[in-house]
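Quick look at what TrEMBL lists:
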DNA_BIND  A:124-220  DNA-binding region
DOMAIN    A:2-116  domain 'Response regulatory'
DOMAIN    A:124-220  domain 'OmpR/PhoB-type'
MOD_RES   A:51  4-aspartylphosphate
């Protein structure tokens, strides 16, 4: 996905850029509303992430203007303001979702996808590996054209394996990417999910190999 | 020692009007009585004078002196009035020639009759004296005719008049009191209207009071508006300060969190990973506590000054469930929503209801294991709507639901999950502010059922 991030704090903006890049997303950063307008003139974005407090104006003004232009790009507000009333107000202005800082990047991506799914319209970016088709946005998986029902976490695990295709992933790495940091999950849980994923992907030309004592790797054509 | 409250304006106004009415009533009483008594006395005086005149006209000179043949009519006109007794005395050159010698009399007046009220014998009499000159043997003789009458009739009239005057005075006083009360009421009505207009306002309504008030209330009104203006400025400053503070604290926290995630991606060392995860949890905990503290302060404030309006619980519950769905999806938690096809209208504060529902749903998601199911159900009851959030989490252990709704109190079985202990007290407070109930209990088969009951409109 291609994001436009409107955020005046350079440290946060660079972190978000780096973190989303790890998941294969591109992020353009604008530190003022003016810079944001310039970015939007030059490129098309799947999503706009906007802070409320900006040096040259209010993010809410931006949303109102954006909606007045009848622009289609969804807007998600990233803000330090956590009050329920702020949330209601921002959504009323036409924002698509609202996330309070500090946020979980996995949740941010999930919310972005949910917004895009709700909006429809955006062209899907289907990944094909042998006879496996994976659409991360629509959250669908097909093997030989036949749809497979995968739960959210199984999808995430599949996505992690695909993005690290051919590379070895330790249980710890999988663990950190799959589970929220607030929950304590035993390493055993990873084995359970790998088992489920293998079962659901039966017949696929890619497979998940166990590297004894170290971790897992996706192998295949 | 309690300060004594100053007397109410209405009472003060009413009592002052009553005082004036009392003075006027007494004055009326005295005036009516005096005028009526004067009139009665004048009547008696006229009759006495007429009687004396009749006697005087009957007097004539005779051989041995003066002959007074008292005409019947002279006494008849007096007797006709009442049972009063009549006395007379006739003098010639200041010597009594007939009648009661001891009858007191006014000094010799001028040409007209002279009057006197004087005690006589065992009573009080009204006396008239009339002077005439009568030629006797070519010499003028000063003839004095004195007629007196007791005052029984006069006193009776005076008593009647006094009664009537007293009745009039009392009636006047009562009427004035009633009108005074009404006047006090209507004079103070604009004040009450102004007070009503101010007290009916919502908690966040800090617009100046634009209320047409009489000119006497204008100073109060402009003082009030000045105060509202200062309050609004102070609140704005506080809000800006809180927002700035949140911005300056939460933005670096967000940076720390993401940088830690990046560091986690780049390490394989288990000890480092554990440390980094602990950092992220600490960041989440502090952010969450700060948010809930603000929410709790907001809920406490708004509960006291509710911004009431129509709220559709079905819509609120659906929206809140949708807003936590992405977070639940991350852990494959199914949110099952039911009973929201029909609108469920109550009167309440939408922001408060949202805060309560969000806290309940956040809790359910937070304490549910992966792959679990959460049910959010809305149903109408008898005069109530109830909302149940049922999860298959760890339940509430031994603690009672009421205990967990206490501020900063967390269950004994949740040490490993980030939380501030404020969420349930927020829900409890919202329920109380709406006249509803909140309960929390363990479910059969494990998990928690949180039940929020709110009265229908």
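Glycine is treated like the rest: Cβ placed from N, Cα and C.
All annotation found in TrEMBL is predicted automatically rather than curated by experts.
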Sequence-ordered list of residues in the chain of residue A:51 (4-aspartylphosphate) that lie 6 or more positions away and have a Cβ within less than 8 Å of its Cβ, or none, is A:6, A:7, A:8, A:9, A:59, A:77, A:78, A:79
Across the domain 'Response regulatory' (A:2-116) the predicted model averages a pLDDT of 88
DSSP, reduced to three states, assigns residue A:51 (4-aspartylphosphate) to coil
